[in-house]
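Peer 1: Here's the feature list from Swiss-Prot:
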type     : residues                                                                     : note
ACT_SITE : GLU95                                                                        : active site, proton donor/acceptor
ACT_SITE : CYS129                                                                       : active site, acyl-thioester intermediate
ACT_SITE : HIS264                                                                       : active site, proton donor/acceptor
BINDING  : ASP43, ALA44, CYS129, ASN167, THR171, SER221, HIS264, LYS273, ASN343, SER377 : (3S)-3-hydroxy-3-methylglutaryl-CoA binding site
BINDING  : ALA44, GLY45, LYS46, ASN167, SER221, LYS269, LYS273                          : CoA binding site
MOD_RES  : SER4                                                                         : phosphoserine
MOD_RES  : LYS46                                                                        : N6-acetyllysine
MOD_RES  : LYS273                                                                       : N6-acetyllysine
MOD_RES  : SER495                                                                       : phosphoserine
MOD_RES  : SER516                                                                       : phosphoserine
REGION   : 486-520                                                                      : region 'Disordered'
Amino acid sequence: MPGSLPLNAEACWPKDVGIVALEIYFPSQYVDQAELEKYDGVDAGKYTIGLGQARMGFCTDREDINSLCLTVVQNLMERNSLSYDCIGRLEVGTETIIDKSKSVKSNLMQLFEESGNTDIEGIDTTNACYGGTAAVFNAVNWIESSSWDGRYALVVAGDIAIYATGNARPTGGVGAVALLIGPNAPLIFDRGLRGTHMQHAYDFYKPDMLSEYPIVDGKLSIQCYLSALDRCYSVYRKKIRAQWQKEGNDNDFTLNDFGFMISHSPYCKLVQKSLARMFLNDFLNDQNRDKNSIYSGLEAFGDVKLEDTYFDRDVEKAFMKASSELFNQKTKASLLVSNQNGNMYTSSVYGSLASVLAQYSPQQLAGKRIGVFSYGSGLAATLYSLKVTQDATPGSALDKVTASLCDLKSRLDSRTCVAPDVFAENMKLREDTHHLANYIPQCSIDSLFEGTWYLVRVDEKHRRTYARRPSTNDHNLGDGVGLVHSNTATEHIPSPAKKVPRLPATAAESESAVISNGEH
């Protein structure tokens with residue numbers, strides 16, 4: 001039948017396509033949310049309890065979306081002893097736009113110049129916070145297609161989330177995540193298990209090309225987020241049940257079947273509400289709920305309609321309480337980065353994934369299914385899942401990816417706490433200068449983490465030049481990921497279809513290393 005899947009299609013696909021390595025970057029300073037409450041003159045607990053936020057990372061005028069992505073990509077390549085010639089696709093998901101024509105990806109190509117590798121597919125993808133997930137799906141689709149040449153795909157999700165002075169400002173943050181996608185991965189994408197919902201909505205958008213600030217309809221944004229979750233979860237449940245039925249399993253899928261459940265996190269409290277929302281869906285979908293002890297005390301809500309409950313405080317309170325243990329077991333750990341650094345837009349949900357991988361051992365993760373809900377305003381949303389490999393032995397791919405993130409909490413704790421008035425001054429400086437030509441950033445580079453790329457200048461033609469703060473640490477982790485390429489740091493296997501120049505493992509750049517996105 002035209003358009004149908006061949007019966008032997010899976011035999012043609014690479015095995016266990018998924019996330020091989022993951023790197024996260026956030027700036028070296030933050031503002032304390034409790035102190036920000038005092039500075040803003042709001043009730044104590046409005047940000048820390050009401051939103052669930054403890055700290056909010058931010059960047060000075062020395063960092064922009066290009067520098068964030070340069071930093072996270074080079075850190076990933078160095079930490080995993082990867083050669084730049086082993087990347088065949090590079091795609092960036094971001095909504096932080098500093099050029100309406102030139103992509104962030106094209107700026108990242110400067111890192112590949114010395115290798116001579118220019119045969120790299122992919123470009124930027126944009127739809128609010130969903131662009132990173134769209135880029136991930138494109139990478140997976142490339143590897144599972146006739147276009148794949150045997151090399152890795154690299155996905156970068158990054159953003160600077162800032163808001164005008166007011167109620168939305170404490171929901172900001174900044175960061176970037178790089179994901180290495182390939183076969184034989186420790187975190188495997190479940191094939192055929194994506195529940196997607198797309199819809200037209202003006203819940204959050206950025207129509208002013210001269211401003212970094214969005215226009216936000218807060219109430220509509222929450223409704224869109226939760227309604228998209230309802231629909232995505234419904235589609236996902238139907239698809240996995242169909243798979244199970246083919247295997248002889250006639251059970252309904254519920255939250256209990258996820259080992260972990262992570263979600264896009266504008267702020268932590270909304271993620272807790274989203275898990276309660278999924279629990280409500282399970283409750284309404286269970287034909288035998290009156291006999292299921294997990295739903296004890298919820299009988300009065302058996303006839304509610306999902307579309308009537310988005311702002312029903314009684315429903316919200318009851319199901320948050322009833323799902324609290326599930327939240328603690330499956331979701332709470334994923335909020336480490338969100339709680340400590342804030343919203344990272346496209347990279348938010350992947351920061352949540354990093355948080356889980358950083359806090360559990362390979363043995364605790366092995367064999368688990370991780371649910372992932374990605375949401376971008378406007379709107380685009382998908383709920384999909386990752387299956388963790390069973391191999392948790394020392395030196396395994398899973399062991400390597402968790403080891404690479406074991407310092408996540410210490411990195412968060414190593415940042416500098418900045419007073420709210422200094423934070424406000426930095427926000428005003430960005431507001432006044434982010435769009436300027438012929439501009440030299442005013443802030444010092446001394447406070448940046450080692451190995452951080454930063455903005456040196458913007459010339460009179462808006463061309464941006466960057467440099468990297470020297471790093472004294474050796475980022476390499478011995479053999480690296482060691483899957484598609486050789487385990488030897490000085491030998492790398494490029495695409496089997498194309499011979500490109502070989503490059504030894506990248507060393508930290510010298511202090512004088514400068515790159516530019518201009519054609520000069």
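Note that Cβ sites are derived from N, Cα and C of the backbone, with glycine treated the same way.
Give me the lay of the land around each of these features.
Peer 2: For GLU95 (active site, proton donor/acceptor), other Cβ atoms within 10 Å of its Cβ number 27. According to DSSP, GLU95 (active site, proton donor/acceptor) sits in a coil region rather than a helix or strand.
Under DSSP, CYS129 (active site, acyl-thioester intermediate) is assigned to a strand (E or B) in the three-state scheme.
Annotation note: HIS264 (active site, proton donor/acceptor) sits in a coil segment as assigned by DSSP.
ASN167 (CoA binding site) falls outside any helix or strand according to DSSP and counts as coil.
Taken residue by residue with DSSP, LYS46 (CoA binding site) is part of neither helix nor strand, so it is coil.
Residue density at LYS46 (CoA binding site): 16 other Cβ atoms are found within 10 A of its Cβ, drawing on all protein chains shown.
Non-local neighbourhood of LYS273 (CoA binding site): LEU226, GLU316, MET320, each in the same chain, at least six residues away, with C-beta under 8 Å from its C-beta.
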Peer 1: Cα of ASN167 (CoA binding site) to Cα of ASP43 ((3S)-3-hydroxy-3-methylglutaryl-CoA binding site): how many Å, rounded?
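Peer 2: Cα-Cα, rounded: 12 Å.
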Peer 1: Measuring Cα to Cα, how far is ALA44 (CoA binding site) from THR171 ((3S)-3-hydroxy-3-methylglutaryl-CoA binding site) in Å?
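Peer 2: Approximately 16 Å lies between the Cα of ALA44 (CoA binding site) and that of THR171 ((3S)-3-hydroxy-3-methylglutaryl-CoA binding site).
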Peer 1: Tell me which of the binding-site residues ASN167, SER221, ASN343 sits in the most Cβ-dense spot, judged by other Cβ atoms within 10 Å.
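Peer 2: Neighbour-count leader: ASN343.
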Peer 1: Give me the largest Cα to Cα distance among ALA44, GLY45, LYS46, ASN167, SER221, LYS269, LYS273, the residues the record lists as binding CoA, in Å as a whole number.
Peer 2: 25
Peer 1: Tell me, if you would, which residue among HIS264, LYS269 (recorded positions) has the fewest other CB atoms within 10 Å in the structure shown?
Peer 2: LYS269
Peer 1: Among the recorded positions GLY45, LYS46, GLU95, SER221, HIS264, LYS269, whose Cα is within 10 A of the Cα of ASN343 ((3S)-3-hydroxy-3-methylglutaryl-CoA binding site)?
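Peer 2: For ASN343 ((3S)-3-hydroxy-3-methylglutaryl-CoA binding site), the recorded positions whose Cα atoms are within 10 Å come to HIS264.
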